[in-house]
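Enquirer: Let me give you the structure first, and then I'll get to my questions.
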Amino acid sequence: MVHLYDFTLEELRDWVVRELGERPFRAVQLYEWMYQKRAKSFDEMTNLPKALRQRLNEMAYLRSAKQVVRQDSKVDPTTKFLLAWPDGVTVESVLMRHGYGNSVCVSSQVGCKMGCTFCASTLGGMIRHMTAGEMVEQVMHSQSLLDEVGQRVSSVVVMGSGEPMDNYDQVMRFIDIITNEHGLNIGQRHITVSTVGLVPGIRRLAEEGRQITLAVSLHAPNDAIRGRMMPVNKAYPIAKLMEACHDYYRKTGRRISFEYALVAGENDSLECAKELAELVKGLPCHVNLIPVNYVPERGYRRTDRKQIFAFWRALLDAGVNATIRREMGHDIAAACGQLRAQYANRQA
Ligand code: SAH
């Protein structure tokens, strides 16, 4: 059985011709049924011949995940899902409704092996990669909810559990599938991929010349602090990372977005802000300040509001483009891996 959400339109065309002996235009029809009419079964695809629908039922499937938890935030229009796949793994996905559109946060792996000390996703290590089709399904799951109110998913952030650059091919295939004009047709510029800072991945992406946004989890202005928070810093220290970011900008012309989670007493001093401003000087970028989400297993405390604003102010004064991220779904454990970890604890 093949998962049809796994195929780009070109791959679907090949498959339809090779495996089903059909003409290539059937692939476009199928694709439009899947993504534009959001058919959940082949039987709904009424302009396909009955014999073809029969073959599809025997050889392929669409949805494979089950929703095991759904949490609606009481403080903002955010919904978090925990989805379970037939092999038993679970991942989180989040739908955030903004005034300007709807955004879905996708998990690229089950768990994570990067070991960031403030992150819940990495607690149990990396179980397996998500396939492109499983990432597409996460988007389709939120799209189903939006269909009830006549809206669409307008942007996607690969910022859920997992490290996308460690699952590079599947993530790029996923992007190809959701941006196809016969499908969900989500704009490249409305897609953000967030990386812990795997330099080879950043360099590879730079060569592809895609118009997506690259977010880099920086979280510290120097190797001493970053090394404590993020084991990846040993393999790719800040100088190497920044060099890759400059190259990325030179090659793509796309401004980089740096994520900086503020942890009380760790990386939130005004000296850190100054050092950060020095570090990003000369690189067209944007710094996103995030008050760290408390993860019980980790014990980090978040920076208080006053200090967050002082840190932000210091960046602005130094000419850095910075914002404080609006928190969405704080009451529903919307940070990476928190819901999955809670669910696993409850099951145990
Ligand atoms: N592996 C990728 C993408 C997943 S994490 C990456 O590292 O970028 C998405 C973002 O959430 C990253 O910036 C990550 O550092 C951040 N994050 C993880 N745990 C957090 C927490 N407890 N509080 C705030 N941000 C957190």
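Every residue gets a Cβ built from N, Cα and C, even glycine.
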Enquirer: Taking Ser142, Ser194, Ser257, Ser269 as the options, which does TrEMBL list with Gly162, Glu163, Ser217, Leu218, His219, Asn293 at the S-adenosyl-L-methionine site?
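Expert: Of Ser142, Ser194, Ser257, Ser269, Ser194 joins Gly162, Glu163, Ser217, Leu218, His219, Asn293 in the S-adenosyl-L-methionine site that TrEMBL records.
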Enquirer: Least buried of the binding-site residues Cys116, Cys119, Leu218, going by other Cβ atoms within 10 Å?
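Expert: Comparing Cβ neighbours within 10 Å for the binding-site residues Cys116, Cys119, Leu218, Cys116 has the fewest.
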Enquirer: In the three-state scheme derived from DSSP, which category covers Ser194 (S-adenosyl-L-methionine binding site)?
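Expert: The three-state answer is strand.
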Enquirer: With Glu163 (S-adenosyl-L-methionine binding site) as the reference Cα, tell me which of the binding-site residues Cys112, Cys116, Cys119 is the closest one.
Expert: Cys112
Enquirer: Only counting partners 6 or more residues apart, tell me which same-chain residues put their Cβ under 8 Å from the Cβ of His219 (S-adenosyl-L-methionine binding site).
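Expert: Spatial neighbours, sequence-distant, of His219 (S-adenosyl-L-methionine binding site): Cys116, Phe118, Arg226, Met229, Met230, Glu259, Tyr260, Ala261, Asn267.
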Enquirer: On a C-alpha basis, identify the one among Glu92, Gly162, Ser194, Leu218, Asn293 that is nearest to Cys112 ([4Fe-4S] cluster binding site); the candidates are the recorded positions.
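Expert: Answer for the nearest of the recorded positions: Gly162.
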